[in-house]
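See below for the structure under consideration.
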Amino acid sequence: MEDIYWPGFCGNGSRYTAFWSWSLTVNTSNPDVTQCFQDTVFVWVSCGIFWLFALFFIPVLSSKPTVHRMRDAGKLNLAKMILSILLCLTSILDLLKSFSEIPTHQTPPAAFVAPAIYAFTFGMSSFVITYEFKKGEVSSAMLFIFWSILLLLGGVSLRSKIIQVQIQDLDSMFRVVTFCVHYTCIVLEFILHLWADAKALPESTPDWGELSEKQPILIKAKPPTKSSGNREISPEIRSSFLSRILYWWITKLVIKGYKQALVFADMYGLLPEDSCDVILPKFLGEWRKEKVKMNNSAVRFSASHDCSGTPNGYQSHQMGNGIPSAKTTLTDTLHVETIASTQGQPSLLMALLRTFGPYYAMAALLRLLFDAVTFVNPMLLSLMITFVETGDPLTWRGYLLAVVMFLVSMIRSLLNQNYMRICLRVGLRARTAIIATVYRKSLKLSSAARKKSTVGEIVNLMSVDAQKMQESPIFLHLIWSSAIAIIVALVLLWEYLGVATLAGLVVIILLIPLNAYAGTQIRAHQVTQMSLKDQRLKVLNEVLNAIKILKLYAWEESFQSKVTGIRDTELVSLRNVQIANAFTSIIWFCAPLLMALASFATFVLSDPNNVLDPNTAFVSLSLFTIVNSYVSAVPISIMYLVQAGVSIGRLNRFLKEEELDTSVVDRTSSANGTISVTDGTFSWDRDEPTTLQHINIEIPPGSLVAVVGQVGSGKSSLLNALLGDMERISGKINVKGSVAYVPQQAWIQNKTVKENILFGKQWNQSFYKKCLRTCALEQDLKILPAGDQTEIGEKGVNLSGGQKQRVSLARAVYQDCDVYLMDDPLSAVDSHVGKHIFDHVIGPEGLLQGKTRILTTNGISFLPKVDAIIVLTKGVISEIGTYQELLSHNGAFAEFIKNYLNEKESESESEEEEDMRSQLRRQISVLSGSESGSEQDHHVRKRKRQISRQTSKQTSRQTSFGESTHAQEVMKIGEQLIEEEYAERGTVKYTHMLSYIRASGLRAILMVTIGYIGFVSCLIGANIWLNLWSNDQVVNGTQQLTDLRLGVYGGLGAGQLSYIVVQYFGIAFGCVIASGTIHKSFLERIMRAPMSFFDTTPLGRIMNRFSKDMETVDLNLPHTVEIILAASAQVIAVVAVVMYSTPIFAVVLLPLGVLYFMTQKLYLSSARQFIRIDATKRSPIYSHFGETLIGASSIRAYQQQERFMQLTDKMIDDNQMAWYGYIMSNRWCGVLMETYGCFVILFAAIFAVLATGSGSITGGDAGMSISLSLNVTQMLNYLVRASCDFEIQVVAIERIQEYSAVEVEAPWDIDHRRPPPEWPQKGEVQFDQYSVRYRPGLDLVLKNVTFQVEPGEKVGIVGRTGAGKSSLTLALFRIIESAAGSITIDGVKIADIGLHQLRSKITIIPQEPELFSGTLRSNLDPFGLYSDQDVWNALEHAHLKGFVATLPARLQHEISEAGENLSVGQRQLVCLARALLRKTKILVLDEATAAVDMETDDLIQSTIRSEFKECTVVTIAHRLNTIMDYDRVLVLDKGTIKEFQPPSVLLQDKRSTFYGMAKDAGLV
């Protein structure tokens, strides 16, 4: 070859002035580069790359705020700048030298252009160094790459200069000196850029959105080392560019994780740009833009009102206190106008792309570079095979090829790892944005939307769907890059195989429709599976929330079957997904094999002169391997993107759900405390009938207004309307000032008592104590071991209903708001405690005097003291007025009073209340014209009330902590009830891995084993056979054994295909079986766990295992198993073949193996803990989320959304700290593993070069060895990481089995001890020397208790707090087991029979009614044991038949989650219907009527007396008046029986404890 000259630019002369010289550079044993090449290509490449980076990087820098002045610069920055200026000066000197030589020399243009470009570039680099410091950049990627290129190219130039000095061929010593200075400065610049400039870090992170060049932040150059939470911030922020791309910055944490188990305190804080505070505002801004598109569904409502008349002759009037009487009936005409749509539906995907797209685009660039570099090594392989075959004597060429292959592989590795880093970081940010957005959306959901999305479904969005979005960014770029790479590979294959390449192309084209079909099947089954998963989690959430009720009713099997049924259907979909995935994987795994076989066959058969030599065979095989890596990525990418697509659709639908209209309640147009509603009509759902109609009220500031009415009249709905929680059909609402809300069912957080009361407000000691005193909480706190620092369990599990309500009220009082909306807060407390609270808190002289108060109530005791009363009847205000005004009318209020007077058992009353009752009776009898009862009946009732009053007043001195639950027993030993979630430490036990393998079944294990061994054998055989084929001698231009070689090669390929099918389908079936087995055993164990487990375990932890951990077992583990088997097969084949071709490779195999093992061990120790910590930090998010959904109305009412959102954001960041540590340690491991793989390539190539000199290697051997080595880098990396991932993912099994090993209750059924079907016939209950404790190590709560309850007897159980009342009842149901003694029912010891055999024969009506989503019938009879007629009879006796008969679906009426579409009173009646349906001989009442109105209470009491008159009734009496007509009273004190006599006898005995309780209360 001739040298290339460029005389017009490089000049004429020796070969050193040529542009390119083959003789100087290539065809020599001492290669060199021409000066012109150095002055042109070297300069243009290095400076061109710099300016290309600057073109994009400078605008990015300019968008950042200025954080420093140059006078703040440190020594490192000054040194960099000085060296850069010095480089610029040396270039200028070279340029001046060239000008000075013009008169005496014919200086070529290259001598002017090169120093000029350098001078300009180095000047720009000085500016960049300064500018980056001002912008707070600690390390520059652009400058590091620039100096690295200059260092590399300068090294070549330095060698050239040394050679010239040696041969004394120098044009100018001046340029040698300037070059030495130039190169020394470059070396120093490179060294300085290895370190980050810590002084460039700002003390705090500026907000880029608010700052500009005009408003620079000028702060001290103090690098941040702590995050806002006093946690060490990630060292990444102060690391150099090299440390970042090699992940050295996390090495310290990885090593620490190897030495000791990492804990959460060890986690690095997130970088600011990865935190919720930075990510969320950007994403929400983009999502708001998308939501503008929802105008197409907007509907505008307008209303006209016609006052058509006033019923009963009463006219609308304004009362003296400013509260109007609303006796008018309004007829509203609604006009609905649909707004024309001009835009499409909002797209979550577009919002995500606009938020994270620019950063994600960097990943696309890295992917493109990675793909380009990938095809360099096959070209180098071709040169290496040629080198070996020709026996090239210039060995430096071989060594150069080996080094270049090593460097190319390293660059490829770094590009891949940093591509992964960006994608994973984008995924992390997307998950953060999605979880935080879903949480915010859930706080704003309308009531109609809440019915569509249950707690379980929304938790699934946060756990599963957000995780899918986190995993998908990696695979999106793989789709298009794979297509491009496959095309490039086919083009290169054409160079070697020619037309035969088309055969391979045909194979791909034929496989595309099959893959497309499989993709559609995956998507369809994925949608079904996700839907079923939602259903399963929804049911599980309800089951776990009401687990105590299930145990008391012995309904665990029914609901377990319900969950199992859904799970079985889900497993069918999961199996279909796995089969479709296996089918897709098989297609694309076999595609390269089929391509190679088809192409080689076509190549050798199409022309006898086509010889499959080593170059053709192994370069083609290397290209086929590249195709394999890309086509195998396609099914995985499709799978993940399909899953992400499904998740985007689900998230999109949820985020588009209707939100509460914040403009419904006007808070601006009146004085603080004013409440007014004008022409208000409201509904819970626009598609359902209205709940409140024609509401007109105006309440002036400081008023106390009572709202009364029967069950279902709309009292609670009115308060919800004022809160803005209902759909406003028409009218206006005005509530001015801050609002406090006390719901009917108290909402309690899993925090301390004090935190529940403060509720985010600053502590004021004096006011706080006043709140405790007025809300009657002081005595309660004295009992608790840690006082107000005592932690309350989930949903207030360790509090009674009364105390939860008082804590809720204390929270409202402490907030010191302008308006108080109280939904019957006094129903759950004793009447005297209620009177105390009314007098000291709610009433005219209470703490809230001067505040606007609306109180819904079912009693009349306090009505004379209120300013006005609103009477609701079927959603309409029938009357408004003062107490005396309404009493003078014979209207709805008078009817309400009649119901009160006719109660058989009234609440305890004071003397003044009794006088009021007498006065009411007289007034009502005058109005109605009839007597309300005989004088004798009146005296009888009066005597009963006196007894009731005496015996119940003592509760004002007691706490209403009536229940002594397991949670309270735990509380005795410390203030913390819920322990921090435990994370295992150290190596995952192999028993967990083996349990997963065993769970897959013997058939699947055999299929996988046979398929794996067969596949590996065929793979090794195919490679060795191809080597033998390529080394066949060529005779007369052809190979003689072509047919034999092709036939055997084809047979081995068919064997690979057959065995891989067996293996993949074995994995698919086995993993589904294992998932089903693990879930089944987990569910069974949880359903059989004792109540103590649920009292001390947050439901979020259990749900986390059922959702996220089961998701890992269902989908991630099968995929990881596939990768392990595929990668290990490739590695085994490579090692076998390389050892076969170059046995000397064994020398480096051992040390490389040791390095692999050590790195894996080092990485795995940390990664395992990262995953465990990540799992433990997910649970609080789900628990907090479920807690928030239940209390959403309270949170909105108190305007606490921002605080709760900030708390959620912090939880998300805490969770992401562990996850970010995991993915960065994963990249750290990847870089090291791939570096070792690059050394495998280097040694394989070097050994080939060494063997070439001795002639002991053929081109086929070298080609096979190096081509497989190129592949082993990726395979080894996959194998090690997949093995680590497998162990890490087995943590999910570990966590599941942790709860699968919890202690269980006694057997549900014991066949050989089954009592007779009619047992118990009499209902006799006998305790014999019975003792019980809640768990080993705790004190006895019942001590040697002996008593007998006769058949049909009514017994009340009383005692002070901690006496053992609830313990005795729990013992009766065997919720807690005996420590000594026995309980006998009708002669059968309950400890000898199964729990269900016992519990199904005893009926309980609990204090708080629990319903489940499903039909009304399934709530009454989940086992389907009773006929429809039996159910209707039960409903009739429970006074629900009329209501159910009006429902369109009747018994099949759908009950929403937790029974939210029924009122509390209706729910309690459903519980009564359950009891009536079971109709057992023993009935237990747990203060079942505390939270219902008087009429419902009367219905329940009358039904119990009539329907259970022949049954044994045991009542836990927190208020003694409820048991005064019982046969006997059991008085407990500190776990022992003090008395067991009729109440009248006990009151007559002044020495009795019962009498003493009355005496303590000052009543006798």
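Cβ coordinates come from backbone N, Cα and C, glycine included.
Residues or ranges marked as coiled coil in TrEMBL: 894-923. Marked as compositional bias 'Polar residues' by TrEMBL: 948-966. The feature domain 'ABC transmembrane type-1' is assigned by TrEMBL to 361-643, 1006-1287. Taken from TrEMBL, the feature domain 'ABC transporter' covers 675-899, 1325-1559. The region 'Disordered' feature in TrEMBL is assigned to 926-966. Look at TrEMBL and you will find 81-99, 111-131, 138-156, 364-388, 394-415, 500-520, 582-605, 617-642, 1004-1026, 1057-1078, 1115-1138, 1231-1251 (among others) tagged as transmembrane segment.
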Feature contact check the transmembrane segment (364-388) with the transmembrane segment (138-156), CB under 8 Å, 3 or more pairs: no
Best-contacting stretch, by C-beta pairs under 8 Å, relative to the transmembrane segment (1115-1138) and drawn from 81-99, 111-131, 582-605, 1004-1026, 1231-1251: 1004-1026
Contact between the transmembrane segment (394-415) and the transmembrane segment (1231-1251) (3 or more Cβ pairs under 8 Å, separation 6+): yes
PLDDT averaged over the residues of the coiled coil (894-923): 51
The transmembrane segment (582-605) touching the transmembrane segment (500-520) per 3+ Cβ pairs under 8 Å rule: yes
Per Cβ pairs under 8 Å, the stretch of 364-388, 582-605, 1057-1078 packing most closely against the transmembrane segment (1231-1251): 364-388
For the transmembrane segment (1057-1078), sequence-distant contacts whose Cβ falls under 8 Å of one of its Cβ atoms, 6 or more beyond its ends: 567-568, 571, 574-575, 578-579, 581-582, 585-586, 589-590, 593-594, 995-997, 999-1001, 1003-1008, 1010-1015, 1018, 1110, 1113-1114, 1117-1118, 1121-1122, 1125, 1293, 1296, 1300
